[in-house]
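Asker: Provided herewith is a single structure, encoded as structure tokens, for subsequent inquiry.
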Amino acid sequence: MLFCLFTFIIFWNLIQLNKESQCQCQRQSIEHQTFENLNSIDRLNENHLAILVPFRERFNQLLQFIPHMSSFLNRQNISHEFFIINQVDKYRFNRGALINIGFQLAKNSCTYIAMHDVDLLPLNDQLSYEFPANGPFHISSPSLHPKYHYKTYVGGILLISNKHFKLVNGFSTNYFGWGLEDFEFIEPKIEQFNNNEQLIIKFTAFNKNFTIDLIRNHFIADNYHELPRQDNYETKKHCHYKGNVNNGQQQSSSSFAAISFCDNHLNGIFILNDLQYHLQQHESTKVKIFFENNSLSTINSYHHCGFDGDNNNNNTIISTDIISSKRRRSRRALHVKNTKLFQQRRYVEMVLVNDLTLYEKYKGKLPFLFERNVQIANFVNALYNQFNISIILVGVVVWTKQNEIELSSNSSETLNNFLKYRRDKLMSQFPNDNAQLITASPFEHGIVGKALKQTMCTYEYSGGVNHDYHENITFIATTIAHELGHNFGMEHDNDSCDCEATNCIMGPSSSYPHPRHWSSCSIAQLEQSLEHGLDYCLMNKPTNIFRSSCGNGIIEDGEDCDCGLRDFCTNKCCNATTCKLMNNAKCSDGVCCDKSTCQIIDQHSKFICRHSKSKCDQAEFCDGQTENCPVDRFVPDGTVCEEGYAYCFQGKCETRKNRCHLLWGNESRVSHYRCYQNNANANSSGNCGYDKKTKTFIGCRKKDDIICGRLHCTNGDNNPQLTLKYGPEGSTVISQKFESIHEVKTCFSAMVDLGLNEDDVGLVPNGANCGLDRMCVHQSCVSVKEYQNSHCDRHPDDDECHPPSQSANKFLIFTYFIISLLSIILLVWLFFKHKPIQIPKNWFGQKSFIAKDYNNRRPKKNPINRNISVPIETELSVRPVRPAPPIPKPNISKNLPMNGMMANNSIPISRDTANIKQNPQISNRNEIINNSTNQLTRPKRSPPKAPPPPPPPPPTSSSNKVKNLVATFENH
């Protein structure tokens, strides 16, 4: 009986397990359908809600969210479960990717989902979370926000069925960042120091503590103007700041802040840990802070710069013959990073121009447009500050009635039209170093900006055009910074470039987060441009730009030093609060300051503070008086250099050859004189200059000036065509041919625009040789002596221009006299020490017997000792009146006659003298002296004899005699 009961129970359980298995299989088959039978699921009342919460670091809100939502849904009898998808990597928050992951986890156990932010809590119980049978259901606040795009943006709470979510293939994963609904109202604490020059903002947001340290950003010129002018409005110039941020943990020097505090309202941007925050305060007394919305990230990948790189066609080519090829820049090797180039501050005076489409986009609100342009310039200035380059805003122009130029969807045409407008009109209204056009009209092919490379400071090409495609100023500000980088000579980043972040400013296309770093390639290319002198116009500090303020990093009147904000000052010699030197410190920052001891480097250390840049430049040493290097001094103008091919001029030694190498490469060389004759034409083929304002060629003043005009170079033997390697895009290249002996010569020249205040490097350089003791100066061939004599007039501080005083001259003369006298006495003593000769008594009573004119007055003929070498007469008679008489037969005596010795000291040796045979009976001088008794006796004279008749002259011509005499003189 028990056995039967036990068997029945087992059998019954097997039947129930089989039924349950069949039920499970049926459920699985339903869940793996293509959602065609959802209505049947609804009828089975099996709707199940999955709440997907994209999450990151909001644990306090999560602790409130789960209990509240569970209670709220239970009151509506909604079957539900929670899926918390937490992003733990270091990248930007990707809400769409988290929702997609949550759906993959929940789709097998639910019929619909609710995408739910953790900080939104429903309070109205009538707000239904039931299955959205009629389509997606968006739950939002009852109030409308003026800046939310409800037709295109979906956020907050969205109910959607599995079927519809799958039909749209889920969310795009190209969107990074928080949504626009993620904002908070804050009440920041603002502290001001040093007459509002420093600002500290403290607040709490998103469960974090923030501190922003700011200094006033003096980037608006005092002569700043706006067009059109408004009588009842004035742009606030001194309420804009830049600085760094921390989040309550540690100060981050890689952070970034550009904030305005005008009329006690905070507006601006700050970036921390690749998160970009916005501060907005308008009518409300509270400040709103929110994360940047990145809804245009997918579009940004389409937006790119229109720079053509190496394959540009922005150069003017002029050919007087069949040669006409477009200039293509050859890429140069990158230089090693030289931070010394960035020690000196540079200033770019910039004008922003807004076209009519931008004026209409913002409904003609000029005050808003002017303030927006100021904030854009503030952002760009902060980006270039790391190069020690200040972007100074000198003007904003808004076209309110019509566009001043023809705008085209072709970015190149618009750029050319705008550069012409800048040259012809804008430069006279607002003198500037660079101008940028901002337009709301899109360019074709997704181009958002375009500029020419390496054109900074040029009169015709320093500028760019930019498409303002988003209300957020960071988009247009980074675009302007990018195009300005091209003007500085930077190219697009590639895979070989190193970047601190995921993207850098010179990336070829727009990206997110908005870049604020420069790549290693950009830094190297900027260094290369600065080394080549592309900053000609950037050294002049605009007047009345910077008001004295401690903490702005610039040493001004009343300050001993300025190392910036006190939290970032690393100079132990400077007090960042007072901008005064520390106790016992003598210096803080100069090149002649030992920063380890805060003492000025001693003069005796011979420390070179400025090295010589060329043969015509002098090195400067620390003088032990100040921390700064002494004034730069040059070798006097007109000093010969480069083996006579050039003369020093203003510290430089430049030849035509070196200038050809600079423009065309090392294979080039100076062209034939025939090419320089074209400079007399005063046209494109040759000239002595070009007036950029009147667009006319300048002729050479004199015929000799043509070799000082336009520089003409030719190609090497293995290079049939030259390529311009220096100068901005748009430089004019001229090539021409002429026939020489048995060959055709080609001349290459270029017109290089470096601005109104700088010389064209396509001209012959100053100091180049143009003749004997003549050099080229400003395209004129002048005498070197003119500049040698006027050197002290132009450089009165040079040492050679300060002769010693009269008393010093007397002392020097007396010193030279004593030294000379002692030298003579020493020489005489040495002579008699080694040559003990007694002077005959009759020397002092007898007349000297030196023949000065061989033809008119001959000395008495005496026998000579042919073993004694005699000096040569210094006055030579090149053409004698009659042949030299023969030397009489000598009367040999053991003692040397005095008159004979003196006569031989004055008679030039001729070929006849060389033919006299040596008499073995004659002793040398040493024998005469040794055999004598310290006296020379007078020999007995023979009675005079009649001289023999002169012999016939030898067949040697007079020219041969001259040759022999000169040869004898040279051999001596």
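Glycine too: its Cβ is placed from the backbone N, Cα and C atoms.
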Asker: Using the record from TrEMBL, pick out the residue from C497, C499, C504, C537 that is joined to C521 by a disulfide.
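Answerer: When TrEMBL is consulted, C521 turns out to be bridged to C497.
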Asker: Choose one of C504, C537, C550: the cysteine that TrEMBL connects to C457 by a disulfide bond.
Answerer: C537
Asker: Can you match one of H470, H492 to the Zn(2+) site that TrEMBL gives for H482, H486?
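Answerer: Of the residues offered, the record points to H492.
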Asker: If you pull up TrEMBL, which of C499, C550 shows a disulphide to C504?
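Answerer: Between C504 and the options C499, C550, TrEMBL records the bond with C499.
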Asker: Which whole-number value in Å describes the distance between the Cα atoms of C609 (disulfide bond) and C537 (disulfide bond)?
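Answerer: Between the alpha carbons of C609 (disulfide bond) and C537 (disulfide bond) there are 25 Å.
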Asker: Counting across all protein chains present, how many other Cβ atoms fall within 10 Å of the Cβ of C537 (disulfide bond)?
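Answerer: A 10 Å sphere around the Cβ of C537 (disulfide bond) contains 23 other Cβ atoms.
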Asker: Give the sequence-ordered list of residues that share a chain with E483 (active site), lie 6 or more positions from it, and have CB atoms under 8 Å from its CB.
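Answerer: Within the chain, E483 (active site) has Cβ neighbours under 8 Å at C305, Q436, G449, K450, A451, G464, V465, N466.
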Asker: C-alpha of C537 (disulfide bond) to C-alpha of C504 (disulfide bond): distance in Å?
Answerer: 27
Asker: Looking only at the domain 'Disintegrin' (547-637), what is the mean pLDDT?
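Answerer: Averaging the confidence scores along the domain 'Disintegrin' (547-637) gives 86.
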Asker: I need the least crowded one of these disulfide-bonded residues (C497, C504, C521, C609), counting other C-beta atoms within 10 angstroms of each C-beta.
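Answerer: Each of the disulfide-bonded residues C497, C504, C521, C609 was scored by Cβ atoms within 10 Å; lowest is C609.
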Asker: Would you pick out, from the disulfide-bonded residues C457, C499, C629, the residue whose Cβ has the largest number of other Cβ atoms within 10 Å?
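Answerer: The residue with the most neighbouring Cβ atoms within 10 Å is C457.
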Asker: C499 (disulfide bond): which of the disulfide-bonded residues C457, C521, C629 is the nearest Cα neighbour?
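Answerer: Of all the candidates listed, C521 is nearest in space.
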